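One structure below.
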Amino acid sequence: MKTSKTVAKLLFVVGALVYLVGLWISCPLLSGKGYFLGVLMTATFGNYAYLRAEKLGQLDDFFTHICQLVALITIGLLFIGVLNAPINTYEMVIYPIAFFVCLFGQMRLFRSA
């Protein structure tokens, strides 16, 4: 149990650091850095809100659909931002993977608690 929680924390932190530090170095403008930080914060908040409501047993169809809509919009914004950012091709693959690793680690961390 403790090992899975440690792995979940590690996934969350490493995913967030690779995503944020990599894009911080790659994006020359502060607005681009803020854009990618906002995308990550929106995704982690939506993920947290859904998991918390699920844990408390307060899920209904409307809330689930809102969380799915926020997730789809956030993922769309991530891919549009990555495609328009002045980064290399391999970075266009690494940063979305780090984004999803961060969200997966957050989900595993919340469910292991």
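Glycine is no exception: its Cβ is also placed from the backbone N, Cα and C atoms.
Feature annotations, courtesy of Swiss-Prot:
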- 1-9: topological domain 'Cytoplasmic' (TOPO_DOM)
- 10-20: transmembrane segment (TRANSMEM)
- 21-33: topological domain 'Periplasmic' (TOPO_DOM)
- 34-51: transmembrane segment (TRANSMEM)
- 52-61: topological domain 'Cytoplasmic' (TOPO_DOM)
- 62-82: transmembrane segment (TRANSMEM)
- 85-105: transmembrane segment (TRANSMEM)
- 106-113: topological domain 'Cytoplasmic' (TOPO_DOM)
What are the helix, strand and coil residue counts for the topological domain 'Cytoplasmic' (106-113) according to DSSP? 7 helix, 0 strand, 1 coil
Can you work out which residues elsewhere in the same chain, 6+ from the ends of the topological domain 'Cytoplasmic' (106-113), have a Cβ less than 8 Å from its Cβ atoms? 1, 4-5, 7-9, 11-12, 44, 47-48, 51-52, 55
Under 8 Å between C-beta atoms and at least six residues away from its ends: which parts of the chain pack against the topological domain 'Cytoplasmic' (52-61)? 110
Over the topological domain 'Periplasmic' (21-33) the mean pLDDT stands at 86
